[in-house]
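Student: Checked TrEMBL, it gives:
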- 62-401: domain 'Amidohydrolase-related' (DOMAIN)
- Glu143, His211, His232: Zn(2+) binding site (BINDING)
- Ala154, Asn235, Ala236, Arg243, His272, Leu328, Ser329, Gly330: substrate binding site (BINDING)
- Asp294: active site, proton donor/acceptor (ACT_SITE)
Amino acid sequence: MPSNKSVSDAPIVQFTNCRILRDHQLQREDLWVREGKILNPEKLFFDEKGSADVQLDCKDSIIAPGFIDVQINGGFGVDFSLATDDFKSGIDLVSQKILSHGVTSFCPTLVTSPPSVYHQVLPQINVRNGGTHGAGILGAHLEGPFISKEKKGAHPEHCLRTFEAGAFQDLLATYGSLNSVQIVTLAPEMRRSSEVIRELTKRGICVSLGHSVANLSQAEEAVQHGATFITHLFNAMLPFHHRDPGIVGLLTSDKIPAGRRVFYGMISDGIHTNPAALRIAHRAHPKGLVLVTDAIAGMGLAPGRHTLGQQVVEIDGLNTYIAGTKTLSGSVATMDTCVRHFQEATGCSVETALEAASLHPAQLLGIEHKKGTLNYDSDADFLMLNDSLYVQATYIAGEEVWRQDVSGM
C-alpha cells in the first residue's frame, strides 16, 4: 500500500480511546495530528492511503481545545504592568507556568499605567506561537487608561485619561504603538469614544467596554461602532437596573447589528461574581460567555502583598484587595479552576464549560478557523482532561508541552 509520505514526511500521530469535543459535543472518535494540524482521517485514508506512525492510548480522557485567556495581568510574581529590564523573562515564565492550567494562548493584560510604561512594555510583547517554551501570545489587552473615574476599581486614578482634542491621536500617543495590541478596554460614555472605537476596529483591534458608568444606549452605540466585548461583566460597571440595565443590558439588547455577537468576560472564581449572577448571565446569553482569569502577579504564590501595576495588593485566601481597602483587584484563580467553578455553579454541560474557555474567546478574536476548536486543519492545541475537568496533559501544535506528574500521587 502506498505510504503516507506521499504528501508529507512528517509523522502522523493517532490519539485513540478518547472523547473529542467537536461540534459542541463529546464524540467518541480518534484524533489525528500531523505537522501541528488536525487531520481529516477520511482524506488521509482515501486520498493519501495513509496510516498512523504513532498511536497514543488516551485511556478514555476528554480531548478539548486548549484554553485561551484574554485577560491575565500576570502570575507567579510577574506583573505585566511593570516596566522591568527582564520583562521578557517574566512573560516567558508566565507562558510556561500556565500550560499546567490548560492555557495554550493568552493576551497579556496591562492595567491603567503611565504612558512611559506602555512605551517600554508594549515593544517587548511579541505575538508568537506556543510550544514547549510556553503558551502562545495573541497580543496585548490594554485595560485603561481611558476609563471612568467612578468605576476605576483597582486602577490608579492619577493615571486615568480622557480623549482630548486628538481623540485617536491621544490614544496613540499614550500607548506609543498598537503593533502587538489585540484588545483595548475603554469606557464608551467618554466624549469622542465613538471615533476611537471605529479607528481601533478598522485596525482589527477588539474593543471592549468596561470600567464604565455607561447607560444602555451609550453601550449600544459603542457596539454599533464596532465594540464586541464586555470586560468582566458586572464588575466595575453600573449595577443592573430594570429601567436602564446599563452595559449588562447588551446581553439581551435588540439593537445589536445583524450578524454580530457581543461577548462578555466573566471571572468565574467564586469571588468576583455570585453564582446566581453567573447563572443569570449564562442563561440570558450563553453563546457570548468568555471565561477569563483576570489573574494578577500573586497567582500561584502564597498569600501576602504583591503588585498590580502601580498599586500594592493584598491576597487573603482567594480574595485580592488593594492594600488597606476592600476594593477587589484581579484574581488568583487559574483557568482550569474557573472552568470547573462555572460548570458547578451553572449546572451547564461539560461541553459548554469547555467552550466558554476555548471556542468563545477564539470567536471573539476572530481566530476560530485555527484556534478554539478541534476541526480539521485547525492548530492541534488541545488538552486531555478527566471527567472532573482536571487537566492531565497539554498539547500545542500536536506536541506534549505539559503532563500531570502522577508518580507522587
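Glycine too: its Cβ is placed from the backbone N, Cα and C atoms.
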Student: Based on Cβ atoms within 10 Å, give me the single least packed residue among the binding-site residues His232, Arg243.
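Tutor: Sparsest of the binding-site residues His232, Arg243 by Cβ contacts within 10 Å: Arg243.
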Student: Which one of these binding-site residues, His211, His272, has the sparsest Cβ neighbourhood, judged by other Cβ atoms within 10 angstroms?
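Tutor: Across His211, His272, these binding-site residues, the one with fewest Cβ atoms within 10 Å is His272.
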Student: Between the binding-site residues Ala154, Asn235, Ala236, Arg243, Ser329, which lies closest to His211 (Zn(2+) binding site), Cα to Cα?
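Tutor: Smallest Cα separation from His211 (Zn(2+) binding site) among Ala154, Asn235, Ala236, Arg243, Ser329: Ala236.
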Student: Using a 10 Å cut-off, grab the number of neighbouring Cβ atoms around the Cβ of Gly330 (substrate binding site), all chains included.
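Tutor: Gly330 (substrate binding site) is surrounded by 32 other Cβ atoms within 10 Å.
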Student: Could you check the binding-site residues Asn235, Ser329 and say which one's CB has the most other CB atoms within 10 Å?
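Tutor: By the 10 Å Cβ neighbour count, Ser329 comes out on top.
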Student: Suppose you look only at the domain 'Amidohydrolase-related' (62-401); what would the mean pLDDT be?
Tutor: 96
Student: Excluding near sequence neighbours, so keeping only residues 6 or more apart in the same chain, what lies with its CB under 8 A of Ala154 (substrate binding site)?
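Tutor: Correct list: Val111, Leu308, Gln311, Val313, Ile322, Thr327, Leu328, Ser329, Gly330.
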Student: Tell me the Cβ neighbour count for Glu143 (Zn(2+) binding site), meaning other Cβ atoms within 10 Å of its Cβ, over all protein chains shown.
Tutor: 29
Student: So what sits near the residue listed as 'active site, proton donor/acceptor' in its own chain, CB-to-CB under 8 Å and at least six residues off in sequence?
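Tutor: Listed in sequence order, they are Gln71, Ile72, Asn73, Thr109, His232, Gly265, Ile267, His272, Gly330, Ser331.
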Student: Under 8 Å Cβ to Cβ from Ala236 (substrate binding site), same chain, six or more residues apart: give me those in sequence order, or none if nothing qualifies.
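Tutor: Same-chain residues close to Ala236 (substrate binding site) (Cβ under 8 Å, separated by 6 or more) are Lys151, Lys152, Gly153, Gly210, His211, Ser212.
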Student: What span in Å does the substrate site cover, taken as the longest CA to CA distance among Ala154, Asn235, Ala236, Arg243, His272, Leu328, Ser329, Gly330?
Tutor: 30
Student: In the same chain, which residues outside the set Glu143, His211, His232 have their CB within 8 A of the centroid of the CB atoms that define the Zn(2+) site?
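Tutor: These residues sit around the Zn(2+) site: Gln71, Val111, Gly144, Ile147, Gly153, His155, Thr185, Ser208, Gly210, Thr231, Asn235, Ala236.
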Student: What whole-number Å value do you get for the CA-CA distance of Glu143 (Zn(2+) binding site) and Arg243 (substrate binding site)?
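Tutor: If we compare the Cα positions of Glu143 (Zn(2+) binding site) and Arg243 (substrate binding site), the gap is 28 Å.
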